[in-house]
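Colleague: As annotated by Swiss-Prot, active site, proton acceptor applies to D13, with the evidence given as sequence analysis. Taken from Swiss-Prot, the feature active site, proton donor applies to H41. The feature GTP binding site is assigned by Swiss-Prot to 12-18, 40-42, R302, 328-330, 410-412. Summarising the annotation, Swiss-Prot assigns Mg(2+) binding site to D13, G40 and lists sequence analysis as the type of evidence. Annotation source Swiss-Prot lists IMP binding site at D13, E14, G15, K16, N38, A39, G40, H41, T129, R143, N221, T236, R300. The annotation substrate binding site is assigned in Swiss-Prot to V296, T297, T298, G299, R300, K301, R302.
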Amino acid sequence: MSVTVVLGAQWGDEGKGKLADILAHESQICCRAQGGNNAGHTIVANGVTYDFHILPSGLVNPNCINVIGSGCVVHVPSFFKELEALEKHGLNTEGRIYISDRAHVVFDVHQQVDGLEEVELGQGFIGTTKKGIGPTYSTKMTRSGLRMCDLFDEEVFEQKLGRVVMGFQKRFGDLLQYDMQAEIEKYKGLREKLAPYVVDQIPLLASAKEKNAKILVEGANALMLDIDYGTYPFVTSSNTGLGGVLTGLTLGWRSLREVIGVVKAYTTRVGSGPFPTEQLNEFGEKLQSVGHEVGVTTGRKRRCGWLDLVVVKHSHACNDYTALNLTKLDVLDDFDELKVATSYSLNGQRLEGFPSNPDMLAQVEVQYETLPGWKKPTTGAKSYMDLPLAARKYVEYIENFVGVKVKWIGVGPARDHMISRSGNI
């Protein structure tokens with residue numbers, strides 16, 4: 001068993017990137033299984049800040065091969081833009097990043113349609129990043145989308161792109177202002193540049209498994225944004241949990257060694273959708289300010305609230321975590337007391353599990369447990385026992401409620417602001 005999977009356990013922005021960065025330094029291969037450049041995270045390494053969107057963060061490790069898997073969707077110009085930004089920071093990525101030839105391609109027309117669909121929804125808008133992710137997965141599911149392998153036959157490429165555009169034109173008419181010929185010309189320039197990066201991931205990963213190489217899978221988004229198990233329809237368009245890993249990469253369940261759920265010490269969400277523990281008050285504002293809760297991809301302020309253990313337990317039920325990484329504990333250092341959600345009720349009746357109906361979810365009453373704050377800095381802590389007693393009790397309350405041990409605790413933004421409890425649990 002050689003595969004470690006890192007997944008978001010809430011609504012994204014949990015800080016998966018830092019743990020992925022730490023684990024990538026022990027890995028030979030780092031993979032993305034699903035999603036596109038709608039996800040985003042920041043890594044601080046050797047005093048340099050790197051922003052990642054579609055690229056795996058294993059690129060920070062010079063000895064790590066990186067794979068964008070078949071379940072991903074790729075906007076090729078954005079791929080190169082992100083790659084060039086990393087290289088400007090001194091990273092040598094040559095021969096270390098590959099895209100599956102089965103991954104679907106995001107075109108500019110998908111991004112335009114993303115915006116038009118949001119306008120169509122009016123007040124019921126999803127709050128997408130408008131990166132074209134949803135429309136690309138839609139054309140994938142209707143079997144009309146283009147994959148990376150389609151880009152290298154010019155005639156096939158133009159025919160297939162024409163069919164996609166025609167379908168959107170029938171729907172949106174003159175509202176769709178898209179120059180297909182300009183896109184075709186763009187890919188005449190990109191085709192040769194892209195060719196060295198596109199591979200068949202199946203033999204690549206099969207060979208790695210045969211050699212028992214250490215493989216890291218870096219999840220994008222999070223379980224509560226999963227198309228099947230999240231707060232549908234206020235979700236992304238792919239399977240963001242363990243299921244998406246197994247279908248988006250050809251690794252197989254028998255290869256799994258560890259499935260790690262990353263949990264922020266409080267809860268945040270970007271975009272629309274139900275958020276039972278959201279705090280539209282001074283507590284929410286303080287979390288937003290102290291936690292610097294602004295999206296890497298969108299620049300939007302994140303909605304903030306208390307830690308919701310109903311969400312985390314639902315996430316564990318779907319992904320079967322072997323360990324948790326609790327992040328941004330230091331953001332809570334200056335609170336007198338902390339609340340954690342332990343159950344929901346509706347019309348006086350306690351609910352079992354997490355509701356699938358978003359209208360019901362918007363009406364639930366949240367039951368909280370109040371825990372004492374610690375009013376001491378945690379950022380300097382190097383070991384678990386360095387943490388204040390109340391902080392340790394907060395960690396242990398989470399463990400006992402969810403039924404999974406917290407193996408890593410984040411107490412600051414830098415790579416070394418991570419406490420490992422491997423020897424304590």
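Here the Cβ of each residue, glycine as well, is placed from N, Cα and C on the backbone.
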Colleague: CA-CA, which of the binding-site residues G40, N221, G299, K301, R302 lies nearest G12 (GTP binding site)?
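Modeller: Nearest in space to G12 (GTP binding site), counting only the binding-site residues, is N221.
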Colleague: State the count of C-beta atoms found within 10 angstroms of the C-beta of G299 (substrate binding site), not counting that atom itself.
Modeller: 8
Colleague: Cα-Cα, whole number of Å: H41 (active site, proton donor) versus G15 (GTP binding site)?
Modeller: 7
Colleague: Can you name the residues of this chain that are 6 or more positions from K301 (substrate binding site) yet have a C-beta less than 8 Å from its C-beta?
Modeller: Q288, E293, V294, G295
Colleague: Of all the binding-site residues given, namely N38, N221, G299, R300, R302, which is spatially nearest to K18 (GTP binding site) at the Cα level?
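Modeller: Closest by Cα distance to K18 (GTP binding site) among the binding-site residues N38, N221, G299, R300, R302: N221.
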Colleague: Between G299 (substrate binding site) and T129 (IMP binding site), what is the CA-CA distance rounded to a whole number of Å?
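Modeller: A Cα-Cα distance of 10 Å.
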Colleague: Only counting partners 6 or more residues apart, tell me which same-chain residues put their Cβ under 8 Å from the Cβ of R300 (IMP binding site).
Modeller: V270, G271, V294
Colleague: So which binding-site residues out of G40, T42, N221, L329, V411 end up within 10 angstroms of R302 (substrate binding site), measuring C-alpha to C-alpha?
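Modeller: Checking each Cα against R302 (substrate binding site), there are no hits.
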Colleague: In whole Å, how far does the CA atom of N221 (IMP binding site) lie from that of G15 (GTP binding site)?
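Modeller: Per the Cα atoms, N221 (IMP binding site) and G15 (GTP binding site) stand 11 Å apart.
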Colleague: Would you work out the biggest C-alpha to C-alpha distance among D13, E14, G15, K16, N38, A39, G40, H41, T129, R143, N221, T236, R300, the residues that bind IMP according to the record, and give it in angstrom as a whole number?
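Modeller: If we measure all Cα pairs in D13, E14, G15, K16, N38, A39, G40, H41, T129, R143, N221, T236, R300, the largest is 34 Å.
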Colleague: Return the member of D13, G15, L329, V411 nearest to N38 (IMP binding site) in space, with distance defined Cα to Cα and candidates limited to these recorded positions.
Modeller: D13
Colleague: Near L329 (GTP binding site), how many other Cβ atoms are within 10 Å of its Cβ?
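Modeller: Result for L329 (GTP binding site): 25 other Cβ atoms within 10 Å.
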Colleague: Across all chains shown, how many C-beta atoms besides its own are within 10 angstroms of the C-beta of N38 (IMP binding site)?
Modeller: 27
